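Scroll down for the structure; my scribbles are underneath it.
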Amino acid sequence: MDFGGINPVILLASLMVASTPILLAALGEMVVEKSGVLNLGVEGMMIFGAVCGFIAAVETQSPTLGFIAAAAGGALLSMLFGLLTQIFLTTQVPAGLALTLLGTGLASLLGQNYQGMSPPRMPDMNIPLLENIPVIGPVIFQHDAIVYLSLIMVVAIWAVLKFTRVGLILRAVGENHTAAHALGYKVKAVRFAAIGFGGAMAGLGGAYISLVRVPQWTDGITAGIGWIALAIVVFASWRAGRVLIGAYLFGGITVLQLNLQAAGAKVPVELLSMSPFLATILVLVVISARRHGASNAPAMLGRIFHSS
Amino acid sequence: MIKFVKRPEPSKAWTLATPILAVIITMILGGLLFAAMGKDPVAAIRTIFWDPLFNAQFASYSRPQLLVKAAPLILIAIGLSLGFKAGIWNIGAEGQYIIGAITGASVGLALYPLDAWWIFPLMVIAGALGGFLWAMIPALLKTKFNTNEILVSLMLVYVAEQILASAALGFLRNPEGNGFPGSRNMSQIPAMSNPELITGTGAHWGVVAALASVVGAYVLINKHMLGFQIRLTGESPRAARFAGVKDKLLVVFCLGSAGALAGLAGLFEVTGPAGQISIDFGAGYGFTAIIVAFLGRLHPVGILLAGLLLALTFIGGELAQFMLGLPSSAIQVFQGMFLMILLAMDIVVNYRVIIVKKEAA
C-alpha cells in the first residue's frame, strides 16, 4: 500500500510521534490559560526542558530520568514567570517573551557541550494483543510510554476540569479572580500551581523532541513548536479534546511535508517547510472569524490580580 | 509584611531610576553566572561593557561597530514601541526585517548592472514597503477577523525565514557566485551600497534613519493627535473608544509603521554591514529590539540610549567570546535576564511598597 513512496501506516504512526510534543505543551498551556494566565513562554520552557532532558538522559543513560529532569526543568523555569507575573505583577505578554528569550539562551548555553551526542533510546512499550491488530496496531499501540502518557493526559485534564473540585476552583480563578478571592480561594497559589504544571508539560514536550523525535541536541531544536502549541490552545477554544485534534492535525501536516520533501515532490522545500506555520495562521483566522470562537476564552485571561 | 499599594499614576522618579538599577543588578547576576562558568566575573563584565569603548587596542574597531549594531535595534524598537504603548503586540519584527531586506535587494538586483543615482533610494522605498506589507498581514487579519496579532506576526517570522532561504539559494542567488548560496554583494556595487558616511564612525544611512525615527516618534507621541490616541488606548481602551479613537486604524498604523521601520532596518543592513542576502541574514535584531523598547521605557530618547547599550552587549559579547572564550549564548542569557529584571522592577514604578506590622492585618 504505497502512494508515491509514502506508506500510510508508517505515516500515521510517525504522525503520533510528531504530534506528541505539540500535544503535551498545548495541554499544559491550556491549563495555565484556564487559570486566567497567558504564558507566552512555551517555546522557552520547551527548549529548556529539551536540553535538561537531553543532558540528564545522556549522563544517566536513562530516558526516564531524562523526562523527569525535563519536567522539573520546565517547571523550574516557569516559576520565574510565576514570580514576575504573580508577585511582581508584571504584564504577562512581555514576561512570557522574556521567558522565551531566557530559556532559549540558557538551553543553548547548557547544551553546547552535548552537540552531536546520541541519547539513550526510549524503549517502545507495545500494548499486548492490541498491537497485533492489523493497521491500527502499528499505528496506535506500538509506541513509547510518553505517547500513551500524552493521551492519558488529554482524558485526565478533561475529567479533572469537568468533574472535580480542583478543576472547579481552577476555572473559577480563571473566570473571575475577584469572586474566587472573595470565596477564600488562594488565587495566586492556584495560578502558581497551574503555571508550574504548564512548565512541566512543556518541558516534557521539549524532551520528547530531543530524546525521541530527532533524537539529538542542536540549537533551536524546538523550531517554533511552542508557538504552534499556543495557537492550538486558541484553535481548541480551551477544550482538551480539541487540543488533541489540533495537535494531531499539525503533527500530520509536519509529517506529511517532511515525507513529501523526502519523496522529492515537485514543490519547493521552503514552501513545504513553512506550511505548518501558514496552516496555523489559516486556522487562527477561521477560528477568530466565527463570532463565538473567542468567547470561550477564560474571562480573566492575561489580567493582573492584585488584592489590596 | 510587605504590601503593595497601587499608585494613582506611575512614579516619574522610579521610571527613570529602574532601568539604571536593572543594568546594575543584571551586571551583578551576570557576573555570578560568568563566575559559575569558571570565568573571572570582573574581567568578563569589563570586557563586555568597558573594553569595546575604551580599551586602546580594540576601541578603534569596536566604537564604529556600536552605531552599526545600534541603528537597526533603534529603528525596529521605535516602531515596536508605538504598538506596545497601545497594547498592540507585534513580536514579528524579525520577519518584517527579513522581508524588507529581500524586497529592497530584489529591486536593486533586478536593475543590475545599471548604474544610476536613483537606484539606492528606490531600494530604500522598496525595503520599507516590503516590511510594511508583511506587517499588514497580521494588521488586516486583526482588524477584519480579530485574529491574535501576537501569534500571526510570530508565525510569519518562520515563513519569512523560509523565503529568505529560498532567496539565498534560488531567486536572488549570485549567478556569478560559482553556485555558492547568497546574492551578489551589494555593498560592493556603488549604485546599491550603503557606505560609511563619515569615516571611522560606522555611521551609514541606517544611523541617519534611526536618529530621524527617534525625532519623528518623539514629535508624534508628544505633539500629535495620533500619539495622544496611542497613549490613551494603552492606558484605557474603554476611554479611548468613548473619545472616538478608531482602534482599527490604530492597529493598522502601529503595525504598519513598525513594519516599515523594520523593513528599512533590514534594507540598510543588507546593503551595508551584511552586504548580501544569505541564509543566516536574520541575526535576531527583531527580538532584541523588544528588549530595547522596554528598556527605553517605550520613550524615543530612552530607546536611543537602550539601543546603544544593547549594541554594546553584542560587541562586548563578541569581544568576550574572542578574549575569554565566553560562549555567545551567555550574552543571550544575559539579555534575557536583563529583560526579566527590568520587568520585575516595574512594581516600584506602579506600586508603592509599604511595610506593615503583622498585627495591623
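Numbers run from 1 along the shown chain.
Glycine is treated like the rest: Cβ placed from N, Cα and C.
On a predicted model such as this, the values are computed, not experimentally measured, just so you know.
Going by TrEMBL, these are the annotated features:
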TRANSMEM  A:6-25  transmembrane segment
TRANSMEM  A:37-58  transmembrane segment
TRANSMEM  A:64-84  transmembrane segment
TRANSMEM  A:96-115  transmembrane segment
TRANSMEM  A:135-161  transmembrane segment
TRANSMEM  A:192-211  transmembrane segment
TRANSMEM  A:217-236  transmembrane segment
TRANSMEM  A:243-265  transmembrane segment
TRANSMEM  A:271-289  transmembrane segment
Candidate ranges A:37-58, A:64-84, A:135-161 - greatest C-beta contact count to the transmembrane segment (A:6-25) (under 8 angstroms): A:135-161
Any contact, the transmembrane segment (A:37-58) to the transmembrane segment (A:192-211), with at least 3 Cβ pairs under 8 A: yes
Most Cβ pairs under 8 Å with the transmembrane segment (A:217-236), selected from A:64-84, A:96-115, A:135-161: A:96-115
Listed stretch, out of A:64-84, A:192-211, A:271-289, that has the most CB pairs under 8 angstroms to the transmembrane segment (A:243-265): A:271-289
